[in-house]
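**Student:** Here it is, the structure, as structure tokens.
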Amino acid sequence: MALFKVILTAFAALSAVDAARLLSSPNDKDVVPNSYLVVMKDSVTSAEFDSHVTWATDLHGESVSRRGADGLNGFKYSYKINGWHAYSGSFHQETLDEILNNDKVDFVEHDRYVYISGFVTQKDAPSWGLGRVSHRHNGTRDYVYDERAGKGITFYGVDTGIDIHHPDFGGRAVWGTNVVNGTKDNDRQGHGTHTAATATGTKYGLAKNANVVAVKALNDYGAGLWSNIMKALEWCVEDATKKNIIGKAVLNLSISGGKVVAANQAVTKTAKAGIFVSVAAGNDNQDATNKSPASAEGVCCAAATTIRDDKAKFSNYGSVVKIYAPGQGITSATPNNSTGVMSGTSMAAPHVGGVGATLMASKGIAPADLCAELIKVASGPVQNPGSSTTNKLLYNGSGQ
């Protein structure tokens, strides 16, 4: 009997060691209670993943049968991005414990909200970002750029939607997908149209000939769940693969929130699939190392500057920032044939995406090498960039 107890104790200890980790703190204000992101081990095959999802779905159903309906819907989305497997859902603690003890699971994290990284400032302010990124020295409004201007490159705006009929897109914009339940295929907030036009607009944008795809992953108030955004990323990779434009695509994420490991992995896998990913550093005037997607590997993280080449007071900073770009008082398109002025690292990121698209078109630079090229040709220095932060300022290599 004593030996049996020892064996049981050892087995329990081994099970505890092998159990997956639950990473997030449930006390965070942005965390969604009882909603989880479940990430599988790298060794799990697609078939094993499908089988596991079926198991988890059945497990939740059994829990509901025992406990009755409790408002938890169980399985939500599965994700397959460049060999990476994960899923999301809302589960009772009993079901969560079973998932954590499954040997195919690497870790589990709470689903949480993420937010746009821009805000409206003033109306009728002059636009200056185009001229700034096409000259090494400040002081001119002329925009000098390669005539191809992103031709043959596709820009995915993962945001609040895009007004694809806005004249600034010149008929180059199409609707892609909407992963936000209960919202229409439009941009009521305006943030997504503004960022997309900053990158690709005929008048206000950098890559004036790029194709534009609207991907709605944030609600009409500028907030979104990572479980939805990850589904949008999966869709973009699948769409780019289907259209044979891997290596000729840019994806912009002008969002910021607390660090989420599962989200970072999804973003990194998107980049490694062959899509250049520009992201916002965030607007908290703090180190972006603890922010997602800013801290994801393989992305080009942009912080924001003022018209005087200073770090914008709101901009995050830190070692994960790859480059600075114009982000304060940026004029661009907004829904219903309008224009507006916004500030934020949300505006800096599409400057990076737009210049990235122009260089991909003109020089054929691979997405994986593009951020390094932007850093190599960058101008500067940015004044007071922040602790452990680059002072490089985005430049399109025009020779001016």
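Just so you know, glycine gets a Cβ as well, placed from its N, Cα and C.
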**Student:** Can you dig out which of the ranges 121-140, 181-200, 381-400 Swiss-Prot describes as region 'Disordered'?
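**Tutor:** Per Swiss-Prot, the stretch marked region 'Disordered' is 381-400.
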**Student:** Given a Cβ distance threshold of under 8 angstroms, which distant residues of the chain, six or more beyond its ends, lie next to the compositional bias 'Polar residues' (381-393)?
**Tutor:** 132-133, 287, 303, 305, 308-311, 315, 317-319, 321-325, 375
**Student:** Could you say which of the recorded positions Asn181, Asn336, Asn337, Ser346, Asn396 has its Cβ with the most other Cβ atoms inside 10 Å?
**Tutor:** Ser346
**Student:** Spatially, and counting Cα to Cα, which of the active-site residues is closest to Asn337 (N-linked glycosylation site)? Options: Asp159, His191, Ser346.
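**Tutor:** Its closest listed neighbour, by Cα, is His191.
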**Student:** About how far apart, in whole Å, are the alpha carbons (Cα) of Asn336 (N-linked glycosylation site) and Asn252 (N-linked glycosylation site)?
**Tutor:** 22
**Student:** On average, what pLDDT score does this prediction assign to the domain 'Peptidase S8' (127-400)?
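**Tutor:** Per the prediction, mean pLDDT sits at 95 for the domain 'Peptidase S8' (127-400).
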**Student:** Among all the protein chains here, how many other CB atoms are within 10 A of the CB of Asn138 (N-linked glycosylation site)?
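**Tutor:** Around the Cβ of Asn138 (N-linked glycosylation site), 13 other Cβ atoms lie within 10 Å.
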**Student:** Counting distance between Cα atoms, which of the active-site residues Asp159, His191, Ser346 is nearest Asn181 (N-linked glycosylation site)?
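**Tutor:** Among Asp159, His191, Ser346, Asp159.
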